[in-house]
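Chemist: Quick one: structure below, then a few questions.
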């Protein structure tokens, strides 16, 4: 099942549990706006290369739309549509005043030079600048993009609209970025794991973790889990996978990855088949890469007691910065993040009790219900 079909299925199950009006259900499912643009750039060798960029703005009932921009060969309209919808429900679950959006360009950033990536980013920004903004849609980094990408978007957007540092989040600190932003998603994974384990009378310390994906999110999650006494026993990334049942030395692994651009070749663990990370013997499995990795073919083989999803829709159904530029201290950023994550988990659990459903459907019903209420309050009519 592709990403969009999976997300739509979960939404419709949530809508049924909530007893939503069928017309309201249809309205919430259809994106506010879908954008598709051609991005042609001169390459370093003088030839021209064309790419297709997307931005799907799903819903703005609870505030400006918000979501990442990814550079990846598999970016397509269905994936971007699904991710934009998920952002709508996620911001609502966290109870922050944003809607959902997502964007991307179908390209392999590894095949492009820094100057080519900059030209591509600026052309993409030129094509969508009048459809994004601090009160409309605020982009952020995602797979294949980062603070430098956001800096280019900020600069290009500002040429049209004046100095606008708040048009993107995830930008460099020197351009008004937030302290703690780099680690924020990985830290959120830690807080989610803590909240889940606390429900079962456990703590992170002593638990065995397997992490599929070792990019920004996975690597930060591993580092923070290690600092809390958790034992990371298996890790994978695009280069390969490694395992050490006694626990991987995460600081040494991070140093190795920085020097060698991947986990492959790390001497403190044994090389294993990347696919086997998902079914390694562990207490908590953290999928932190692409979606759809847990499916009907491997679900029964998963040994983890808990799954904490750090990727977007990793499990198939079948199986911030502010406008004024005021900067918080990193400790405050982390404390507020923990407060929102912990409260969000408690709210999800309440929905699970109300509707007698699992955590996934508890999260969907919570998010969909909040967006539906906001939509009706703003004057929606059947």
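Yeah, the Cβs are placed from backbone N, Cα and C, and that goes for glycine too.
Summarising the annotation, TrEMBL assigns substrate binding site to 66, 90. Summarising the annotation, TrEMBL assigns active site, proton donor to 102. Residues annotated as site 'Important for catalysis' in TrEMBL: 142. Annotated NAD(+) binding site per TrEMBL: 185, 216, in sequence order.
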Chemist: For the recorded positions 66, 90, 102, which one has its C-beta crowded by the most other C-beta atoms within 10 angstroms?
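Modeler: Ranked by Cβ atoms within 10 Å, first place goes to 102.
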Chemist: What whole-number Å value do you get for the CA-CA distance of residue 142 (site 'Important for catalysis') and residue 66 (substrate binding site)?
Modeler: 12
Chemist: If you measure from the Cα of residue 66 (substrate binding site), which of the recorded positions 102, 185, 216 is the nearest?
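Modeler: Minimum Cα distance from residue 66 (substrate binding site) across 102, 185, 216 lands on 102.
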Chemist: May I ask for the distance between residue 216 (NAD(+) binding site) and residue 90 (substrate binding site), taken between their Cα atoms and rounded to an integer number of Å?
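Modeler: About 19 Å separate the Cα atoms of these two residues.
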Chemist: Given a separation of at least six residues and a C-beta threshold under 8 Å, show me what packs close to residue 185 (NAD(+) binding site) in the same chain.
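Modeler: Expected: 216, 217, 220, 310.
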Chemist: Return the count of C-beta atoms lying within 10 angstroms of the C-beta of residue 142 (site 'Important for catalysis'), excluding that atom itself.
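Modeler: For residue 142 (site 'Important for catalysis'), the count of other Cβ atoms within 10 Å is 22.
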Chemist: What Cα-Cα separation, expressed in whole Å, is found between residue 90 (substrate binding site) and the residue listed as 'active site, proton donor'?
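Modeler: Between the alpha carbons of residue 90 (substrate binding site) and the residue listed as 'active site, proton donor' there are 12 Å.
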Chemist: When you measure from the Cβ of residue 216 (NAD(+) binding site), how many other Cβ atoms are you left with inside 10 Å?
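Modeler: Taking all protein chains shown, residue 216 (NAD(+) binding site) has 19 Cβ neighbours within 10 Å.
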